[in-house]
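Over in TrEMBL, the protein carries these features:
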ACT_SITE  Glu441  active site, proton acceptor
BINDING   Thr159, Gly198  FAD binding site
DOMAIN    27-153  domain 'Acyl-coenzyme A oxidase N-terminal'
DOMAIN    295-456  domain 'Acyl-CoA oxidase C-alpha1'
DOMAIN    491-674  domain 'Acyl-CoA oxidase C-terminal'
Amino acid sequence: MSHIKNLIPETVNPDLQKERTGAEFQVEEFAAWWQGGQDKLNTKREIEKAIFSDLEDGYGINHEYMSHEEVYNSSVKKVAEAAVKLKALQNKLNPGGTDIWPGFLFNVQSHGLFPSNHPVATHITMFVDVIKGQGTAEQVEKWGKAAENCNIIGTYAQTEMAHGTNVRGIATRADFDPQTDEFVLHTPNLEAYKWWPGGLGHTANHAMVVAQLYIADVHHGVQMFIVPVRDSETHMPLPGIDIGEIGKKLGMVAVNQGFLGLNKVRIPRTNMLMKFAKVERDGTFKASPASRVNYLTMVYTRCLIVNLNSTLLLEAATIATRYSAVRRQSPIEANQPEPQIIDHVTQRLKLFPEIATGMAYHLAAEYMWEMYAQTVKEANSGKFDRLPDMHILSCALKVLCTTDGCAGIERLRLSTGGHGYLTAANMSNIYGNAVAAYTYEGENTVLLLQIGRALVKAWAAFVEKKPVSASYSYFASSMQLKEFPKWDNSWQCIIKALQYTAAQKTRIAFENLAERMASGQSQGVAANNTGIELTRAAELHGRQFVCQTFLEQITGPKAQKRSAALNKVLENVLELFLVQTVLNNLNDILRFINLSDADLRSLQKRLEISLEKFRPNAVAICDGFEFHDRVLNSVLGSYDGNVYPRLFDSAKRSTMNQKPVQKSFETYLKPLMKANL
């Protein structure tokens, strides 16, 4: 037994309190801005108090000591219990809305309610919204309301064992039978089994199945079909349904991803979503007015991914920053006390750019949601002009946010030293949740190649003096320059440099692609051989967009609603992000822009100054993100900063420590120790 009692103090660690006292802005103003207004911030706090205050001791760590099956069943229990709370809060605070119920099943608070994740998120984020977005009014009435209230639970079954990002390669068939007015869905081989849909394993009783439509053996593209997969009373698989869980993963423990095989399963014709494409009773097919309309679902999901991964990055940054303000190690001056490790410049470089990166992607996601709402509004009116641009920008944001976010979370974990390796630090769970998005909803390299193809297509139009969409407008402004102007160190100069470099990389990719085709290579082979150049041009296209959006969000008209003190802090965050972006992409920038040694030294100096200015505000900025302790679920990142007592408390909770001697001692260890080997 430990002689240390009353482990966790009720006071805040003095080093952390010192950081908060020394901040140069009001955290409350930052938090209100970050949440979208004081009213939203107050509501968030009220809801968190209601949903988190009565959770049992050890709620966030107990699942780490459960079996795989126990984790799943515990998570389902938590969803059911949370549903009652959330529904009551919805009726109290915003009757008729969906922001609390079912919204809190997938927003940031869900990280605290469901520390091991849960199997209903795909139902809420995709199944429900796909029905509402691509179903007819009758279909929304039939399935949408029941799904929104979880009276039926669904999933989105697109990915197959052998086909993911290449949707056109999906092998599941849906054949129309005009005699019975039904579709017959069939999985032709093992490779065509649906694989990975969240909640499919043992939770969902319906699936939104993406399949190739055939009418009289004539192919009519990929369509979506609502397929019941389990009995509504017994939950047993329905006839013709082969269903189960795919097994344990690196992360997302309780999401219950599953497999699905269909053996000539019949569903009514009206189970195909028909807001856009339609199949009439006589088998007449009416194509969607826009061939890319099904991309709306993926655009929506990719916007969600950017929201999620930027949040996960900022959660990790908050944990690492608070820990770095508490941890003391390695004197900077000989014979001086050990400083907070946040005072080491190298530690700041690990922390602060990740905070800036998370903020940049968060604000880019906010801008994308505005664009998405406008795109849906136009699509409902029969206008689809904006879809291609939205698709490409959402691809770029998804790729960059998941790539930078995953790398950033790992850097932040490493910045916390050995303690960050503990599951109680929660860095491993955060990383496991984030890194999955590198692959799902479009593997990142495949998406970069899609963006690259769109870029060279737009470049071809630009060269032929045809109009290009607004997202490629920098082609013209960049190529009007005989050479890039003298570097002037302004933010606008950085944006123009990134755009100029992106345009030049696109030009080279276009020229090399054309040269390969002229030499006799087919378009496909030439594109494959130009893949490295296409992906690099695509990445730079995305980076200039994120930087431009961040600049507009921080310095644009919205800045007038914020205090001068807060704007000063936010402008330094912007400065750090822009300078770091330039420094990280110098290998391409220097190919096209003449930067002198003085220019490069200036950029390095700006980096160091921005880190120095960031230092007194780092903890306060992280406080401004308003992550509840339940959400962070970390012994290293709690608001009170009592790292070491929480570390020891979590160790004492290990199931191994509930008995002083394990049963393997008498059976194996003792005989081994006494053996004369």
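Placement of Cβ uses the backbone N, Cα and C atoms for every residue, glycine included.
TrEMBL annotations: computationally assigned, not manually curated.
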Count of other CB atoms lying within 10 Å of the CB belonging to Thr159 (FAD binding site): 20
Cβ-Cβ neighbours of Gly198 (FAD binding site) (radius 10 Å): 26
Counts of helix, strand and coil residues, the domain 'Acyl-coenzyme A oxidase N-terminal' (27-153), according to DSSP: 87 helix, 0 strand, 40 coil
All-chain count of other Cβ atoms within 10 Å of the residue listed as 'active site, proton acceptor': 25
Between Thr159 (FAD binding site) and Glu441 (active site, proton acceptor), the C-alpha gap once rounded to whole angstrom: 9
Model confidence over the domain 'Acyl-CoA oxidase C-terminal' (491-674), averaged pLDDT: 97
Glu441 (active site, proton acceptor) versus Gly198 (FAD binding site) - Cα distance in angstrom: 12
